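The structure under discussion is supplied below as structure tokens; questions concerning it will follow.
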Amino acid sequence: MAKTTSTLTPQPFKNEPATHATAPSSATDGFFQTPPRLENPFLEDEAYKRLFSFYLPKPLQTSLSTPIARFGALTLAPSTLSHVHNAESNPPRLVSHTPFGEPSNTLITSPGWQALQSLGLSEGIVAIAYEHEQGAYSRPHQYLKYILWQPSSAGVTCPSAMQDGAARLLSLHLASKDVERSETERRVFERAYKHLTARDAEAWTSGQWMTERQGGSDVRNTETLATYAPTFSPEESTVDTDGLPLGPWSISGFKWFSSATESNMTILLAKTPSGALSAFYAPTRRQAKAASTREHAPKTELNGITIHALKSKLGTRPLPTAELELNNTRAYLLGAPGTGIKTIATILNITRVHNSISALGLWARGLAISRGYARVRRVAGTLLAATPSHVAELAHQHTEFRGLAHLGFFCVALLGIAEAAAPGYCPSPPPPADPATSAAAAAERLGVAVEQAPLLLRLLTPVAKALTARAAIAGLAEGMESLGGVGYLENEDVGVNVARLFRDANVLSIWEGTTNVMAEDCVRVLKGRGGAGAVEAVSEWVGGRVELWEGRGGESVVRVWEGFKKIVEETSVEELKVSGREVLATLAWVVVAVLLGEDARRDGDAVTGEVARRWMARRIGVEKKDWREAVEWDRKIVFGEEKVGDRARL
Ligand SMILES: Cc1cc2nc3c(=O)[nH]c(=O)nc-3n(C[C@H](O)[C@H](O)[C@H](O)COP(=O)(O)OP(=O)(O)OC[C@H]3O[C@@H](n4cnc5c(N)ncnc54)[C@H](O)[C@@H]3O)c2cc1C
């Protein structure tokens, strides 16, 4: 495996002023830039520290700080980064035939990719949510790890996201009293759930196959056909890799994008002969019938699936995104025929939260690299960290990040509350209920009513998905520029390769629903049947929180919110859809203003107060500061209380 150069080992940095060189540089002598040093975000990143203490109560901060600090270090360990390097250097490939000419259709992924997948699973990047050990805070715990993991994961988080969505879907399905289920179906779904929530070698990831050539945003044109065919032909295998019966539905069609191609199962959309768009569960592999007749024949085979081609992509290159042809893929129907969109929405509501935290994770790493570089790079004899115009843009980026990080994590917290209040299937008895981590306690801490958490979550998930993705892409473009020419390079050091992060971020505004699709979704919620309830939930939460601010801008936030409400009430759905992106932006501004205000209020943190003031200044008049004072705040927003020259390396 190729070695990465380590920028993580402290580099000696001499702080003497630049001297006039006596001889010109050669390829091997002269000036070499000290690389930026990446530090454990749990210890270095002020924004991360604020999220950790805002979204977890004190006792959990205490019990989780050591394991999360360890995990933060692990995400930057040379061994982890060398897996990323290996995965990036060895993109997946498709082998169509064996050396002896037999058809093979085998997907090869790199050892680095596989190691990262196992690492993420064993760290509970999905399982934490289903172990329920932190009650309503299990989701914040999970995503506080996830945000650290994303930039060092080479994109294994994509299958993990779908795994999480599938686990939630199956847990709700298994817990539902309204669904009729045969004994076989119960066994099959319970087994899948067990795999999806495992940490060990038994753990499964899942695919999510919706998009076809006719459209990904609008899946109503799905052409894939599901036929009820409970009788198997003698040539067909009848059991999956666990020896459980394959499903009675036979599915054929063409799926245009499948990211988690090597997953063990999938949830997919297909139409029944009556045209009812429905959701199905299918294992991707089955026991091979041929195994009994041919020597050395593989024991398992794909479940009626041919990997037609792998996509060539701008980013997420280690992730095997494929086109798949389905021919008699054996599957089980999930829910009633015709409820496909509703069923798949359960998965999407989870994967969109993953998408938000993925965007934040990539962006956070970009910001960390920019900070690190500013501490070591001199321009015109001055460190960038002491160059006001450079730090001003970094401060702008950090303010944007801190605002949108709250939006993402607010959704995470709401998800935790909603799930704790309405738990799904749980195979083993959950840990004893702790009142301190109950849905009620978590909701009270956040200032929301438990019953309103699902409404807020439904409304804000598309807002967070859309805006974190767009902002991360723009932020990482700034991040590249902040390193000058080096920022644009596809350098071998994956730890500080901002171009890689930028490439990877670009898909986040497309998959799981484009920005326009998110805007339309948000408008649909606002103007739909549950709209009044969702608006009421925001009103109560905003009103209840700013009441605690004793003035300090609260009334202005309420004014913007009331103005927004009026527009929503008075505008038709069609018109509102046209300005859907402004709907997203205004809603996000209000929610973030409240969250930043709350974050500053809880402990009077002055830097957070300034971040909140700057966020509010985008929409309401706030007092302008003297520029010298503003420069000082810029520095604090980016570097915290650290003074330029404070630290040995500066
Ligand atoms: C790397 C990668 C991996 C992927 N992995 C998967 C996967 O694993 N499983 C899967 O099912 N799909 C996957 N996708 C597909 C992805 O979800 C779709 O590409 C996406 O949903 C958009 O669908 P589309 O490509 O058909 O574009 P279209 O739906 O044709 O969209 C084209 C344009 O129309 C706009 N548009 C669409 N609807 C509206 C509307 N109502 N109002 C306004 N504008 C609109 C969109 O914003 C977009 O700009 C993947 C895509 C990529 C790039």
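Positions of Cβ are set from backbone N, Cα and C atoms, glycine also.
The compositional bias 'Polar residues' annotation in TrEMBL covers 1-12. Per TrEMBL, region 'Disordered' is recorded for 1-35. Taken from TrEMBL, the feature compositional bias 'Low complexity' covers 18-28. If you look up TrEMBL, you'll see 65-172 marked as domain 'Adaptive response protein AidB N-terminal'. Among the features that TrEMBL reports, domain 'Acyl-CoA oxidase/dehydrogenase middle' is placed at 208-328. Look at TrEMBL and you will find 338-414, 451-525 tagged as domain 'Acyl-CoA dehydrogenase/oxidase C-terminal'.
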Can you check how the pLDDT averages out over the domain 'Acyl-CoA dehydrogenase/oxidase C-terminal' (338-414)?
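97, rounded to a whole number.
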DSSP says what for the domain 'Acyl-CoA oxidase/dehydrogenase middle' (208-328): how many helix, strand, coil residues?
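Going through the domain 'Acyl-CoA oxidase/dehydrogenase middle' (208-328) residue by residue, I get 6 helix, 54 strand, 61 coil.
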Mind tallying the domain 'Acyl-CoA dehydrogenase/oxidase C-terminal' (338-414) by DSSP state, helix then strand then coil?
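Here the numbers are 65 helix, 4 strand, 8 coil.
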